[in-house]
Amino acid sequence: MSENLTDDSAVERALRVGLEEFDLSEEDRSLVDGEYDEDGYAIVDGPLPVVAVVGRPNVGKSTLVNRILGRREAVVEDVPGVTRDRVAYDGEWTGRRFTLVDTGGWEIDATGIHLRVAEQAEVAVDLADVVMFVVDATVGATDDDEAVVKLLRRSGKPVILVANKVDDQRTEADAAALWNLGLGQPWPVSALHGRGSGDVLDAVLDVLPTISANADAYQRGGPRRVALVGRPNVGKSSLLNKLAGEDRVVVDQVAGTTRDPVDEFIELGGKTWRFVDTAGIRRRVHQARGADFYASLRTQTALEKAEVAVVLIDAEQSIAEQDVRVVQHVIDAGRALVVAYNKWDLLDEERRHYLEREIERELVQVPWAPRVNISAKTGRSVEKLVPALERALESWDFRVPTGRLNAFFGEIVAAHPHPVRGGKQPRILFATQASTRPPRFVIFASGFIEAGYRRFLERRLREEFGFEGTPIEVSVRVREKRKRK
């Protein structure tokens, strides 16, 4: 194993030296050096740094988290203590990624469930690299706030003081009064409207380390987000009801939890999954006119929120053009994919035979997608969705080490070189995985690489590294040798 790693590193070093003879842009060099991915995000070789958002109940922590994430992720309700646990998400600002931790309201004299919430918040501070301490500027510093300040000082962690609910200039004086807490500059913010959020994030990045020893303590992103999609009347509602049935995550007022009205949290295979935009599934479109448009719009909305999609297909009916279109939507959105064939228990041998032929013909673009045969009505085999979802997400998150990737391409090209065209044969100069979610690869080449050869490389990448359940993208950047001066 160690010999292979040494060989891979040697191949990578040699290719990097050869690449110096070619004209590369600054963006190319950042990609090759592993500083930034293709989307312009800094690549971190280690656990991401942790930013914990803490404060007493109902000061707007979850609203601030949503503002930072740029999407409605954390549950927000105008009731103290809605966020029960510490939940971690992937955050990003000006190209830097970090783990953002939303915590429950911190009350010093807490009892019962509130005591557990406070304990969770203390754990979050212990594991954080930077703490964002949120105070309601319109209320001012309370006794609880003062007590939290003492705990934060004892932690020794860098603290950014966020004066929230400063919606206009009139309330900026309220923010200035928070200097008295002794934590340095209060940053006036309106988490609800976005006012000042960029400035406070700049302040966070100023004290945030590049990597953290603590980030692995978090299951990042909270429950994995699943979109249940498919053309109308294939059984999405039935499957959702079967999955949610007795295993629906209980929401009780004693625990102070709430549930996003458009999402459902469902316990499957011993873990919680977040099925997104389920309101769209439960809201049936009865009018024939425009039904396809609204179905397509719901699919698009769900995919924007999701990490993985389950495409449900009615196995009793022939695979329709609309089924293929939904699958293509998932690929275009860059989401992980599982295909579930509903009503499998109703098929006779003849229909199963014809369905297999249809799958080979109509879904030829996704032979890599895990397949599950289920019955939404009876619940037959629905438990098999869990390992399929886990495999797809693992592939979606997977990164190939640069040395191994280049050694692999070297072996492939040696055995199956690109065809010679016009007396020239393009060479692969260097390859890198630019990003994950989904995996994107960039190849630097000395000449144009034909579409057929790119498909061949993608097929071999899948054979070597798996990538079951995720689309992968291979792009080529043609670079010429530097002209001698």
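Note that Cβ sites are derived from N, Cα and C of the backbone, with glycine treated the same way.
According to TrEMBL, the domain 'EngA-type G' annotation covers 49-212 (among others).
Annotation note: LYS61 (GTP 1 binding site) sits in a helical segment as assigned by DSSP. The Cβ of LYS61 (GTP 1 binding site) has 30 neighbouring Cβ atoms from other residues within 10 Å, across all protein chains displayed. Marked as GTP 1 binding site by TrEMBL: 55-62, 102-106, 164-167.
Per TrEMBL, domain 'EngA-type G' is recorded for 224-397 (among others).
Residues or ranges marked as GTP 2 binding site by TrEMBL: 230-237, 277-281, 342-345.
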Task: Mapped DSSP class for VAL166 (GTP 1 binding site), helix or strand or coil - done: coil
Open item on the list: Between the Cα atoms of TRP344 (GTP 2 binding site) and THR103 (GTP 1 binding site), what distance do you get, rounded to the nearest Å?
Closed with: 44
Task: Fewest other C-beta atoms within 10 angstroms, as judged across GLY55, THR103, which are the binding-site residues - done: GLY55
Open item on the list: Between the Cα atoms of GLY230 (GTP 2 binding site) and ASN58 (GTP 1 binding site), what distance do you get, rounded to the nearest Å?
Closed with: 39
Open item on the list: Just to confirm my parser: what is the rounded mean pLDDT across the domain 'EngA-type G' (224-397)?
Closed with: 82
